[in-house]
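Q: There's a structure below that I have some questions on.
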Amino acid sequence: MQINVVNHPLLQAKMTILRDKDTKSVTFRHIISEVAALLTFETTRDLPVEEVKVTTPLCETTGCRIKGSVTVVPILRAGLGFMEGVLSVIPEANVGHIGMSRNEETLLPMEYYCKLPADMDAYTIVVDPMLATGGSAIAAIDQLKKRGMKNLRFMCLVAAPEGVEKLNAAHPDVPIYTVVLDDHLNEHGYIVPGLGDAGDRIFGTV
Ligand code: URA
């Protein structure tokens, strides 16, 4: 199983607050943004840079700037909960959106919305807090690749082993970054111990 679990004390402590069933939406939303910002540091560790000259008040030296552009693609709806945090550390990123829903006849995930930035060569981070069965992540990445996107990575909060294995098998070129790798999926497709329905907890719906 190929997965990057970002095991940092700040992330793990915030994750505990997110797991707590008594954490209210207002706190949940705030903490998930902080977690997304911290996780973005690790997910972008291999971001390409180019050398530039910079003049300090004392002398000229070399520094760097990000080479090319960065695109973030939240999978609707829960992926939106990551956006404030990701954009707080990469404010220049372009944002694409992809909406996946379950076809009630075939039970397969299908795309209902997709709007992407023009730069298909961008360094792209696909975000969704929960990697459960892997169905929507795989289908979303299928669609992004079909439209020509390359250089993709997937960032989540909680991953289930079942989803990681499926995503690894379907898209071995897409690294996965998560805060925690949980135990299993229950019979309703919820991650255990998990944190419940991430979209409902972010948006205060039931
Ligand atoms: N989606 C969620 O929001 N939570 C889960 O546990 C599984 C899928």
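For all residues, glycine too, the Cβ spot is worked out from N, Cα and C.
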Q: Per TrEMBL, what member of Arg19, Arg29, Arg45, Arg102 joins Arg77, Asp128, Pro129, Met130, Leu131, Ala132, Thr133, Gly134, Gly135, Ser136, Asp197 in binding 5-phospho-alpha-D-ribose 1-diphosphate at one site?
A: Arg102
Q: Have a look at the binding-site residues Ile191, Gly196, Asp197, Ala198 and say which one has the shortest Cα distance to Ala132 (5-phospho-alpha-D-ribose 1-diphosphate binding site).
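A: For Ala132 (5-phospho-alpha-D-ribose 1-diphosphate binding site), the closest Cα among Ile191, Gly196, Asp197, Ala198 is found at Ile191.
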Q: Specify the secondary structure state of Ser136 (5-phospho-alpha-D-ribose 1-diphosphate binding site) as given by DSSP, simplified to three classes.
A: helix
Q: Please list, in sequence order, the residues in the chain of Met130 (5-phospho-alpha-D-ribose 1-diphosphate binding site) that are at least six apart in sequence and whose C-beta is under 8 Å away from its C-beta.
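A: Same-chain residues close to Met130 (5-phospho-alpha-D-ribose 1-diphosphate binding site) (Cβ under 8 Å, separated by 6 or more) are Ala78, Cys156, Leu157, Val158, Ile191, Gly194, Ala198.
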Q: Have a look at the binding-site residues (Ala132, Ile191, Ala198) and report the one with the fewest Cβ neighbours inside 10 Å.
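A: Comparing Cβ neighbour counts within 10 Å for the binding-site residues Ala132, Ile191, Ala198 gives Ala132.
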Q: Which chain-mates of Asp197 (uracil binding site) that are at least 6 residues away have a CB under 8 A from its CB, listed by sequence?
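A: The answer is Tyr190.
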